[in-house]
Every structure is written in C-alpha cells, then in structure tokens.
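Some features that TrEMBL has for this protein:
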{"type": "BINDING", "residues": "H107, H109, E114, H155", "note": "Mn(2+) binding site"}
{"type": "BINDING", "residues": "H109, E114", "note": "oxalate binding site"}
{"type": "DISULFID", "residues": "C30-C45", "note": "disulfide bond"}
{"type": "DOMAIN", "residues": "59-210", "note": "domain 'Cupin type-1'"}
{"type": "SIGNAL", "residues": "1-20", "note": "signal peptide"}
Amino acid sequence: MASALFMVVLLAMASSVVLASDPSPLQDFCVADKASPVLVNGLVCKNPKDVVAEDFFFQGLNKAGKTKNKQGSNVTPVNVMQIPGLNTLGISLARLDFAPYGLVPPHTHPRATEILTVIEGTLHVGFVTSNTQNRLIFKVLNAGDVFVFPVGLIHFQFNPDMHKDAVAISGLSSQNPGLNIIADQVFGSDPKIDPGLLAKAFQVDGSLIDYLQKQF
C-alpha cells in the first residue's frame, strides 16, 4: 500500500502545473553545465546537442535515508544538483525519512513553497506566520495527507510516534529552494554572533548563549 501511494505521489508531482518562483525558461530546456566556470543567476546551459537522458534522471528515491543522527531524520534532495535537467524549470523534490521521534528542525526555504505528502507513519507539522502575529499553524498528518508550507516561513516536521518510522515526499517550487536551519544559523555562524547581542535578543543570560554556541 505504501509503495503504491509513493508512486501516486511522484506521478502527481510530475504531472502537476507548478507556479514556480524561478524565472521561466525561454527554450525547451536548459540542462545545467555544472562544470562551467561562468557565474550566472542559476546555472549555465549545456549545449543541447550534448544533452542525454541521464540529464533528466535520478535513481534511488525508493531507498530510505540514514536517520541515525542527532535529529533522527534524513532529507534526500532531488534538485538541480542531482538532476541537471531541472535547471530553469522551477521545481524540485525531496524524500524525508524519520526515525521514531525524528525531527526536521525549524527551518526556511528562502526561494520555494513546499508541499508535503506523508507516505508512511504520522507527522506533526507546522509553520509560523511572520511578524507581528507569529501565529503557529500546525496539523497532525497521517499517510496520504498533504500540507503546504508557504515560501520563506519557518516550519518543521516531527514524527511523534515512539515506535514507528515515518516517510514523506516534498515538492518545492524552485530548482534550488535553499535551506536555512534556524538554530544552526543563529548559534553556529562562522564567525560567531556576539553572545551579548544574542543574550539581549533572546532575553536570556549570556552563559546560556555561550553554552548553545558551543553545541554547534
């Protein structure tokens, strides 16, 4: 049942019309030439005469990612870096695997809206609206349920089950959605943000900020 639902989700994403945030293509395709030294907004096109089927192909999304880590989760991206043919097409994909109590921590995608479908298990998901409301919009999802995370907003996914894994597939409206994990950026920046500044921003003791920065 899970494998059948997995295939339905992939087919639906492949055939759906996507409102992409990326610039629209001006030709049939612009397969990325990742070896090119030229810097542009996106990636330089490969000569169309050199394009092959493998430029539009990715294998292995049926395989579970390794979740033996601090967060108990794994994200397998399928964006323009994995499929060069996605260049200029404004769409990408990811597989999310969760161990029991696994978490994809609060993060944003600066260039993409995300639409997530649960394939197996249960997920507690949500996003926070922008200032000044900072309202939490959340939902518990089961297999077959779909949830949307608007572009740029902080959001998370968590497996609340203590015994069962969970799997989800996400579609994103950019060939390169970007990923900003909030805790990593705030406490793990290089060089470190001044602890006194963070202590004032979070209204906590400076020793707590020192401790948190040492964890990243």
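Numbers here mean position along the shown chain, with the first residue as 1.
Including glycine, each Cβ sits where the backbone N, Cα and C put it.
Note that TrEMBL annotation is computational and uncurated.
Note on the binding-site residues H107, H109, H155: the fewest other CB atoms within 10 A surround the CB of H107. In sequence order, T108, A112, F127, F149, L153, I154, P177, L179 are the same-chain residues whose CB sits within 8 A of the CB centroid of H107, H109, E114, H155, the residues recorded for Mn(2+) being left out.
Sequence-distant neighbours of C30 (disulfide bond) (same chain, six or more apart, CB under 8 Å from its CB) are L43, C45, K46, N87, T88, listed in sequence order. Within its own chain, E114 (Mn(2+) binding site) has V148, F149, H155, S170, G171, L172, S173, P177 as residues 6 or more apart in sequence whose C-beta sits under 8 angstroms from its own. The predicted model assigns the domain 'Cupin type-1' (59-210) a mean pLDDT of 97.
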